[in-house]
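Read the structure below first, then the notes.
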Amino acid sequence: MILMCPPLEDEGIPGHHPGSAYTGDNPTMAGTLPRLKLGRLPLEPDLENDVRAELEEADSKEPPQPGRPSLVQHFEQMIKKEDDLESPSRSDIPYPASLARDVAMEAQKVKENRDRFKVEGRTGGVGPAISVCMFTFHNTYDGINCLDFSGDNMLVAAGMQDSYIRVWSVDGLPIQPTYPELEDKDLKLSNSRRLYGHSGPVFAVAFAPSVASPDDAEVKTNTRWLLSSSGDKTIRLWSLDLWQCMVVYKGHDQPVWDLAWGPYGHYFVSGGHDKTARLWVTDRIRQQRIFAGHDQDVDCVCFHPNSAYIFTGSSDRTVRMWAITTGNAVRMFTGHTGNITALACSKNGRILASADDHGSIFLWDLAPGKLLKRMRGHGRGGIWSLSFSAESTVLVSGGADGTVRVWDVAGPATDPGSAQGKIIGEGGTGTKIDTASTSAASATQTTSSVGATSSKKKGKDVVVTPDQISAFPTKKSPVYKVHFTGMNLVIAGGAYLP
């Protein structure tokens, strides 16, 4: 006689099986996992042909160096369908007709992807060390709620507690007007601009997708739009050409905590205190989908790279994956012991990273809905931002403990003593710097008290898991945003809070 054991249930949610989004009473539905389409969203045929022609022209002007693929060859490799991943149909996710800007952006993405710094995880091979460019804001008086960097790496925006948004040029040079004839003649050019309109604290800002364009480019691909959400229950779309609010989106009946653009623009998602996430289209005033199911606030949101799914993290300590075509939940991930504070999906569309306010990062395999591993090292207070490298082999995180940490996605070293995690610089707030070291002297630096401000204060030690590659501590600057650029440089931003 053979006994069939039912699937293991997740701790804390009776009847729920790992990965399944079904929480009803029907036993036949328990553990059901809908098939996912995680492959790359195919380009429109006309857009694909236009991009190929653009790259052929670029190859003719600047042939590749010996041993390197041409831009067209690299493009063909990028769009080659992976056999084990099913892709969504272009008709499932309608987008507006492609413009010259879309062609230029896709071509520039191919150039960046080919010329990027190759970054591999510690267990995945060798490569250049991760570099972090940290932008620290001074004299903020704890007034910054959120940060975002533009895709062209030219602008940084901050959402303020005082209900306005401030945008700076990253290089410190004056922001040049797009239409000088529309500007006030007496207006003195500055390296920052302010956007007024919200009547409550600004909790999230997000630049529309963009890429850096060469100086001689005929079609500019720089950032043109900015989204913001606020405690006034609204979302605003701002034009960075006119520096004015163009649309006010209303739908949430409570403060809106977070928002995120789709990878190709046009769509965006928001999450709020009303326990829902909502899908929007920029040219429609009303939401297109309402994702309801969380028991508490939806604190963070993000898109899958192919635009077919969104992810929501909540104070109910669960992460859910939703199909935007139906509005239904297709996965639910449980296991966090704290509120979910950050989400990021890998560039290859296979892995989701989620972080909580207890300092843990979980990596999830989306297809089977299983937990890959849990990574620890940050202190309590929240991990506020996550970002994957272009190869999806390295994850970077930043949070309230004032550190930027780099993680190996592939897996921890089998022997904790062989881990080669390292500290770059000194500082941090209650900082846990290093993974296990080979010397007893350096091993004493592996852990320290959470939130400790002096040697007189004692607290619970936090173990740094061996999958940490390196840590970059600040002096006393909580890290609000970390971002891997298309060239695999890490940009981070925080505010100095003495």
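The chain as shown is numbered from 1 upward.
Any Cβ shown, glycine's included, is placed from N, Cα and C.
Residues annotated as region 'Disordered' in TrEMBL: 1-70 (among others).
Positions annotated as compositional bias 'Basic and acidic residues' by TrEMBL: 49-62.
Tertiary proximity for the repeat 'WD' (137-171) is limited to same-chain residues at least six positions away from its ends with a CB under 8 Å from its CB atoms, namely 191-196, 198-213, 221-223, 226, 228, 230, 232, 238, 240, 480-481, 483, 485, 491, 493-497. Under the heading repeat 'WD', TrEMBL lists 137-171 (among others).
With DSSP classes pooled into helix, strand and coil, the tally for the repeat 'WD' (195-241) is 0 helix, 20 strand, 27 coil. Among the features that TrEMBL reports, repeat 'WD' is placed at 195-241 (among others).
Helix, strand and coil counts from DSSP across the repeat 'WD' (249-280) read 0 helix, 19 strand, 13 coil. Per TrEMBL, the feature repeat 'WD' maps to 249-280 (among others).
The repeat 'WD' annotation in TrEMBL covers 291-332 (among others). Proximity of distant same-chain residues to the repeat 'WD' (291-332), defined by a Cβ-Cβ separation under 8 Å and at least 6 residues beyond the stretch ends, is recorded for 12-13, 16, 19-21, 23, 33-34, 36-41, 87-88, 92-93, 257-264, 267, 269-273, 275-279, 338-349, 352, 354, 356, 364, 366, 369.
Annotation comment: TrEMBL describes 333-374 (among others) as repeat 'WD'. Residue counts for the repeat 'WD' (333-374) under DSSP, split into helix (H, G, I), strand (E, B) and coil, are 0 helix, 25 strand, 17 coil.
DSSP assignment over the repeat 'WD' (383-409) gives 0 helix, 18 strand, 9 coil. Annotated repeat 'WD' per TrEMBL: 383-409 (among others), in sequence order.
The region 'Disordered' annotation in TrEMBL covers 436-459 (among others).
The annotation compositional bias 'Low complexity' is assigned in TrEMBL to 436-454.
Long-range neighbours of the repeat 'WD' (333-374) within the same chain, counting only residues 6 or more positions beyond its ends whose Cβ lies under 8 Å from a Cβ of the stretch, are 10-13, 16, 18-20, 33, 36, 38-40, 85, 299-306, 311-315, 317-321, 380-392, 395, 397, 399, 401, 407, 409, 411-412, 450, 462, 465, 467. Confidence in the repeat 'WD' (249-280), given as mean pLDDT, stands at 97. The helix, strand and coil residue counts that DSSP assigns across the compositional bias 'Basic and acidic residues' (49-62) are 13 helix, 0 strand, 1 coil.
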